[in-house]
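Worksheet: one structure, shown below.
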2 protein chains.
Amino acid sequence: MSVAHAGEFGLIARVTARLPEAPNTLLGPGDDAAVVTASDGRVVASTDVLVEGRHFRRDWCSAEDVGHRAAAANLADIVAMGARPTALLVALCSPPDLAATWAEELADGLAAEAVLVGAGVVGGDMSASPTLTIAVTALGDLEGRAPVLRTGARPGDIVAVAGRIGYAAAGYTVLSRGFRTPKLLVDAYRRPQVAYLAGPRAAVAGATSMIDVSDGLLADLGHIARASSVGINVRRDAFVVPAQMRDAASALGVDPMTWMLGGGDDHAFAATFPPHVTLPEGWQAVGAVTEGADVTVDGRPYRDGPAGWDHFRAAGPQS
Amino acid sequence: MSVAHAGEFGLIARVTARLPEAPNTLLGPGDDAAVVTASDGRVVASTDVLVEGRHFRRDWCSAEDVGHRAAAANLADIVAMGARPTALLVALCSPPDLAATWAEELADGLAAEAVLVGAGVVGGDMSASPTLTIAVTALGDLEGRAPVLRTGARPGDIVAVAGRIGYAAAGYTVLSRGFRTPKLLVDAYRRPQVAYLAGPRAAVAGATSMIDVSDGLLADLGHIARASSVGINVRRDAFVVPAQMRDAASALGVDPMTWMLGGGDDHAFAATFPPHVTLPEGWQAVGAVTEGADVTVDGRPYRDGPAGWDHFRAAGPQS
């Protein structure tokens with residue numbers, strides 16, 4: 001059965017029936033709007049959109065995979081503020097001949113990823129469109145903490161990362177060359193494993209700035225550097241290339257550092273911490289904040305590969 | 001200059017520079033997420049998506065018009081809960097050759113509509129796409145009140161509407177027949193004039209249920225009837241057809257009641273109130289809640305025109 005055959009209201013009923021309840025949801029789908037807790041009188045909110053052919057391919061990813069990825073991209077933005085995600089809202093634009101099961105499995109993936117952080121899928125919208133498009137908004141709770149912005153990095157701060165880095169970009173390259181293994185890398189592209197606890201931990205530890213690595217580590221550190229009016233130097237020897245990534249890179253003739261420094265889809269986190277802070281669990285130092293205005297690798301500009309993508313200019317694996 | 005030439009980050013900078021500050025915005029665009037006040041520890045949230053060719057046409061509406069309409073559709077959902085809108089987030093998917101000025105003027109329209117209710121445009125996302133698509137999420141504040149749901153209508157309640165009704169549907173018919181006047185109706189389709197104060201007023205007055213009329217009055221009253229397990233009867237003589245609508249209907253050979261009972265894009269509000277309540281300013285009684293399960297007009301099923309649209313099944317003027 002297609003989404004057109006199920007009908008808008010039929011499809012909404014089929015999808016919402018599959019969504020689990022979540023603790024912060026005061027009113028879920030089915031009315032004009034949802035109501036979600038915002039315990040400290042503030043709500044954190046972010047929107048990310050995924051377009052077929054640009055952010056995902058149906059022959060590479062199942063509907064559940066796309067749901068996981070769409071949720072992860074948005075939940076990571078909330079976590080990068082030092083907040084705990086509470087809710088997702090989802091707008092699905094789909095060709096009328098899309099299988100209704102695809103929409104249902106997308107909802108399953110969204111809900112399953114949201115459950116990892118205790119968030120619910122609380123609302124959404126559906127429309128026909130020639131282009132399969134998924135727009136997700138995530139909400140979050142700062143639990144009384146100040147948000148960790150991009151503007152607070154100071155010279156002398158430690159630069160650290162949390163979570164997998166380069167895996168998804170490697171998986172994207174593997175898929176784009178027509179391969180389906182190594183499974184570790186391909187699966188990392190299909191369903192990122194996001195270190196959701198890293199953001200609130202960094203906030204509690206006193207992180208001076210933080211960002212979700214979605215454009216690529218160097219590009220995103222560039223966002224922090226510009227916002228904070230500082231330079232950032234990354235040490236190449238801080239990155240250990242995992243064995244499977246090294247082997248895949250060798251087989252494909254790629255420098256694996258281009259995946260680790262330029263890839264985004266893992267939704268790792270990058271942050272800066274005051275010197276002498278003990279980094280919280282899951283965080284690893286990779287460099288330092290400097291005077292100046294540039295992002296460098298071992299003190300030099302990085303010219304070995306792309307540092308990130310522009311969504312209007314280049315096709316890429318970004319979400 | 002096209003959006004592709006401006007580039008993602010250039011375009012975001014151009015658009016965000018045009019957005020006015022808003023009182024509830026604690027952190028606006030430019031970081032991983034925005035932070036907005038939620039004064040009573042809860043946030044109301046709703047998402048609506050507009051797809052070119054389905055919800056708007058660029059030859060009928062300016063970019064600013066589309067911005068006004070996209071904002072209004074979402075703000076009305078918040079108001080229909082009895083809440084005050086605080087913020088909008090916007091995801092724009094656009095063909096790479098779209099003029100950057102179109103995106104800027106879209107932002108102007110979104111911001112200008114949001115300002116009417118004191119809300120800010122606090123964040124967003126941009127992506128290339130073959131299909132011009134605008135997904136908006138609105139947030140709101142219940143100010144300590146209970147949300148007004150669709151489930152609370154009781155037999156004997158008064159059914160009332162607030163705001164213009166049928167104007168936008170008439171304007172859509174006028175445009176679809178190739179005309180550009182009467183201006184009153186065409187402008188009503190291009191930029192709805194939403195009675196934003198009506199929702200909180202209804203909540204304060206004790207409304208037992210409320211809905212944003214987006215699918216058409218009878219269809220949306222049907223949503224209340226089903227959710228509340230009641231019937232609803234509407235009196236045809238409660239609707240006065242304005243002179244310009246009557247003249248346009250006569251010229252086009254249309255029964256104007258099909259616009260008033262079946263059209264949606266005005267974003268009027270329908271609500272039920274306990275009997276003997278004095279209706280708040282801007283609300284007008286149009287019928288009564290009954291035992292039963294059907295929506296009727298003067299006690300009979302309505303068969304003179306479509307009662308609303310399904311977004312997967314029929315092209316229509318709905319947003």
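We count from 1, first residue shown onward.
Including glycine, each Cβ sits where the backbone N, Cα and C put it.
Taken from TrEMBL, the feature Mg(2+) 4 binding site covers B:Asp32, B:Ser46, B:Asp77. Classification of B:Asp32 (Mg(2+) 4 binding site) by DSSP places it in coil, neither helical nor stranded.
According to TrEMBL, the Mg(2+) 3 binding site annotation covers B:Asp32, B:Asp77, B:Asp212. Residues near B:Asp212 (Mg(2+) 3 binding site) in space but far in sequence (CB under 8 A, at least 6 apart, same chain), listed by position: B:Ala76, B:Asp77, B:Val79, B:Ala80, B:Asp220, B:His267, B:Ala268, B:Phe269. In the three-state DSSP classification, B:Asp212 (Mg(2+) 3 binding site) falls within a strand.
According to its DSSP assignment, B:Thr47 (Mg(2+) 1 binding site) is in a strand. For B:Thr47, B:Asp48, B:Asp125, the entry in TrEMBL reads Mg(2+) 1 binding site.
Annotation source TrEMBL lists Mg(2+) 2 binding site at B:Asp48, B:Asp77.
Around B:His55 (substrate binding site), a 10 Å sphere centred on its CB holds 25 further CB atoms from the protein chains shown. Under the heading substrate binding site, TrEMBL lists B:His55, B:Asp265, B:Trp309.
Per TrEMBL, the feature ATP binding site maps to B:Gly124, B:Asp125, B:Arg150, B:Ser214. Its Cβ placed at the centre, B:Ser214 (ATP binding site) has 23 other Cβ atoms within 10 Å.
Taken from TrEMBL, the feature Mg(2+) 5 binding site applies to B:Asp215.
Mean pLDDT of the predicted structure over the domain 'PurM-like N-terminal' (B:30-140): 97. According to TrEMBL, the feature domain 'PurM-like N-terminal' maps to B:30-140.
TrEMBL lists B:154-243 with the feature domain 'PurM-like C-terminal'. Across the domain 'PurM-like C-terminal' (B:154-243), the DSSP tally of helix, strand and coil residues reads 42 helix, 14 strand, 34 coil.
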Find, for the listed binding-site residues B:Asp32, B:Asp125, the residue with the lowest Cβ contact count at a 10 Å cut-off, counting only other Cβ atoms.
B:Asp125
Could you state the whole-number distance in Å separating the C-alpha atoms of B:Asp265 (substrate binding site) and B:Thr47 (Mg(2+) 1 binding site)?
16
For B:Asp125 (Mg(2+) 1 binding site), which of the binding-site residues B:Ser46, B:His55, B:Arg150, B:Ser214, B:Asp215 has the nearest Cα in space?
B:Ser46
Can you tell me which of the binding-site residues B:Thr47, B:His55, B:Asp215 is spatially closest to B:Gly124 (ATP binding site)? Compare CA atoms only.
B:Thr47
Any idea what DSSP makes of B:Gly124 (ATP binding site), helix, strand or coil?
strand
Please report the number of other Cβ atoms within 10 Å of the Cβ of B:Gly124 (ATP binding site).
27
B:Asp215 (Mg(2+) 5 binding site) and B:Asp48 (Mg(2+) 1 binding site), Cα-Cα, nearest whole angstrom:
13
Considering only CB atoms and a limit under 8 Å, which binding-site residues from B:Ser46, B:Asp215, B:Asp265 lie near chain A?
B:Ser46
